[in-house]
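Q: In case it's useful when we look at the structure, here is the feature table from Swiss-Prot:
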- His58: O2 binding site (BINDING)
- His87: heme b binding site (BINDING)
- 1-141: domain 'Globin' (DOMAIN)
- Ser3: phosphoserine (MOD_RES)
- Lys7: N6-succinyllysine (MOD_RES)
- Thr8: phosphothreonine (MOD_RES)
- Lys16: N6-succinyllysine (MOD_RES)
- Lys16: N6-acetyllysine (MOD_RES)
- Ser49: phosphoserine (MOD_RES)
- Ser102: phosphoserine (MOD_RES)
- Thr108: phosphothreonine (MOD_RES)
- Ser124: phosphoserine (MOD_RES)
- Thr134: phosphothreonine (MOD_RES)
- Thr137: phosphothreonine (MOD_RES)
- Ser138: phosphoserine (MOD_RES)
Amino acid sequence: VLSPADKTNVKTTWDKIGGHAGEYGGEALERTFMAFPTTKTYFPHFDLSPGSAQVKTHGKKVADALTTAVSHIDDLPGALSALSDLHAYKLRVDPVNFKLLSHCLLVTLACHHPADFTPAVHASLDKFFSAVSTVLTSKYR
């Protein structure tokens, strides 16, 4: 459960990311593919080479979904319902992949904003990404 302090940390951090969210989303997705090669199986039609336009485009979609989640932090299930349906029923993404991507998002954000990435912010973002992952996998059951 996200505390009021967690919500503030997430919103403040996301505001600082600003227009770089899409760039960071692409970088995190690329990092996920490199660190966890099994995640590539969901993208057989993509050029997965470093700097790929397809990976960057999908990374922006991930970032846009997270921006929506931040904007609706008090109603993640409502905000992400359609995305949950897509991943559960159509794409059938293994739930563990959300955790792997979340980890790579944390690493990417820490690399770009080391001064802002305090232990409290790290914990808040980790809890937020976990909450988003829980919503995205809620319809698997």
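Yeah, the Cβs are placed from backbone N, Cα and C, and that goes for glycine too.
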Q: Which has the fewest other Cβ atoms within 10 Å: Lys7, Lys16, His58, the recorded positions listed?
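A: Across Lys7, Lys16, His58, these recorded positions, the one with fewest Cβ atoms within 10 Å is Lys16.
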Q: How does the domain 'Globin' (1-141) divide up by DSSP, counting helix, then strand, then coil residues?
A: 110 helix, 0 strand, 31 coil
Q: What average pLDDT is reported by the model for the domain 'Globin' (1-141)?
A: 94
Q: For Lys7 (N6-succinyllysine) and Ser138 (phosphoserine), what Cα-Cα distance in Å is obtained after rounding to a whole number?
A: 21
Q: If we count other C-beta atoms within 10 Å, could you say which of the modified residues Ser102, Thr108, Ser124 has the fewest?
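A: Among the modified residues Ser102, Thr108, Ser124, the sparsest Cβ neighbourhood within 10 Å belongs to Ser102.
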Q: Using C-alpha positions only, work out which of the recorded positions Thr8, Lys16, His58, His87 is nearest to Ser138 (phosphoserine).
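A: Out of the listed candidates, the nearest Cα belongs to His87.
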Q: Let me check the 10 A CB neighbour count of Thr137 (phosphothreonine). How many other CB atoms are there?
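A: For Thr137 (phosphothreonine), the 10 Å Cβ neighbour count is 19.
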Q: Tell me which of the modified residues Ser49, Ser102, Thr108, Thr137 ends up closest to Ser124 (phosphoserine) in space, Cα to Cα.
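A: Out of the listed candidates, the nearest Cα belongs to Ser102.
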Q: So how many other Cβ atoms are close to Ser3 (phosphoserine), meaning within 10 Å of its Cβ?
A: 10
Q: Within 10 Å of the Cβ of His87 (heme b binding site), how many other Cβ atoms can you find? Include all protein chains, please.
A: 21
Q: Restricting to the same chain and to sequence separations of six or more, state which residues have a Cβ under 8 Å from that of Ser49 (phosphoserine).
A: none
Q: Would you kindly give the Cα-Cα distance separating Thr137 (phosphothreonine) and Ser3 (phosphoserine), rounded to the nearest Å?
A: 22
Q: Does Thr134 (phosphothreonine) have same-chain partners at least 6 apart in sequence with Cβ under 8 Å from its own Cβ, and which are they?
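A: Spatial neighbours, sequence-distant, of Thr134 (phosphothreonine): none.
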